[in-house]
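Contents: one structure, followed by commentary.
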Ligand code: TA6
């Protein structure tokens, strides 16, 4: 609302502490939406509706690979790629790993909305905006709405999935968040003690129960913690970029991933040494398929909060 926007600018002149300023589009790059609120900012590419930066007080919380493709030719390596309609690869689908949401170009819905406490913007995706070859592999009618909300100390990302078909279908989904680190060996992921997990790195992908108060990285890690109580706060500590608490809504599973040295070298869009600068802590609903009846919706999301 331009009128409201002008009023807020005028308000800011008189009260800098509550100053809120939203820039919906980066003039130098129309493929990207920038929001700021107080001293926090977020940037989101329409490609994949991928959040690629979240800064609080000038401190970057999110990892983006120096080799990431930002031209829509490949899923963005870093940020918060959105996984839909399935996590990983599954025997019943020929879609690529993690589905098509992260490689489709989303549309921004209304201009960002601003209040004194938050600034928000939403994106939508439906089958006609999915690359045709991928849409053909998952021929279901759907509408996704992804809302990104920024406050001075939080970033909330919420996905709404609607079944607009006349038959039921099922999906899994995940927010594949890459946190920035200065030396991944110093990082601890707290809040997963007692959770059952699948260890995708170990031979045979065995199940076990997490016994540590903090998950650490001293080699390749790829674990799917299942059914972690929504109320359990997961905290990413020791990143060198400030601790972040992950609050989850309707996302019971938490994936912790670091490719370590060999897998880092094998990824063309990831620097050989960048395994030291990131850890993925991914809130999702991936252990069981979610079934949606015609007309039904499902909503899940996370709030990242500076600690
Ligand atoms: O979420 C962890 C994971 O599924 C890992 O197994 C690893 O492959 C990672 O995602 C990255 O996947 P990508 O398709 O982006 O290379």
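Glycine too: its Cβ is placed from the backbone N, Cα and C atoms.
Mapped onto three states, the DSSP output places residue 176 (active site) in coil. Taking Cβ-Cβ distances under 8 Å and a sequence gap of 6 or more within the same chain, the neighbours of residue 176 (active site) are 80, 81, 82, 83, 98, 102, 255, 280, 282. For 176 (among others), the entry in TrEMBL reads active site.
For 282 (among others), the entry in TrEMBL reads active site.
According to its DSSP assignment, residue 77 (substrate binding site) is coil. Other C-beta atoms found within 10 angstroms of the C-beta of residue 77 (substrate binding site) number 23, with every protein chain shown included. The substrate binding site annotation in TrEMBL covers 77, 97, 102.
Annotation source TrEMBL lists signal peptide at 1-27.
If you draw a 10 Å sphere around the CB of residue 97 (substrate binding site), it holds 12 other CB atoms from the protein chains shown. Same-chain residues that are not part of 77, 97, 102 yet have a Cβ within 8 Å of the Cβ center of the substrate site turn out to be 74, 75, 76, 81, 98, 103, 176.
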